[in-house]
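Data first, discussion second: the structure below is written as structure tokens.
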Amino acid sequence: MLKLFRETGLRFLWISAIAFILDQWSKYTVIDSMSLYQSIQVLPFFNFTYVHNYGAAFSFLESAGGWQRWFFTAIAVVVSVVILWWLKQSPRSQKMLPIAFSFILGGALGNVYDRLVHGYVIDFLDFYVNNYHWPAFNIADSAIFIGAALLIIDMFKNGDKKSEGNGADANASAAGNSETIK
């Protein structure tokens, strides 16, 4: 069993656990120390603002009548199972992708927990410029964003290597065949 964790992407599940724990701890702190809709200025462009998000990212479908709670929960659970399966299948040689997926998993589970326990996601990080406020978010959303950014970085960093490798293999194969024909 330990070999499974050492030799696959599951070895990065600690990232998911830390993301989940930090997310839930921060939300508990907000619930315990702030009133709903209370806002505390931290910096001239950043507040802690306690809000409930019944929708998805950017409050998408927030006023849909309640069915969205179960819809977004189901999507997150399915994605989490797929990520766990993928982490189990990924070889030890892969590092960036399992790390990225571990961040995404931790964030997804943090928000799923909120939906199941509270019926909504607790958001409190509020960035703004003048009167324009970016939609409030939380540590789980940040973990998902970090994971997505790492996926994009990996795509740019390793995408060309993979396609070059395939092209080189095809060229070597073709060269081998042409020598055989001679």
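From the backbone N, Cα and C atoms, a Cβ is placed for every residue, glycine too.
Feature annotations, reproduced from TrEMBL:
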TRANSMEM  67-87  transmembrane segment
TRANSMEM  96-113  transmembrane segment
ACT_SITE  Asp123  active site
TRANSMEM  133-153  transmembrane segment
ACT_SITE  Asp141  active site
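Here the Cα atom of Asp123 (active site) is found 9 Å from that of Asp141 (active site). Neighbour count (other Cβ atoms within 10 Å of the Cβ, all protein chains): 22 for Asp123 (active site).
Remote same-chain residues near the transmembrane segment (133-153) are listed as 19-20, 22-23, 26-27, 49, 51, 53, 57-59, 96-97, 99-111, 114, 121-127 (criterion: CB distance under 8 Å, separation of at least six residues from the stretch ends).
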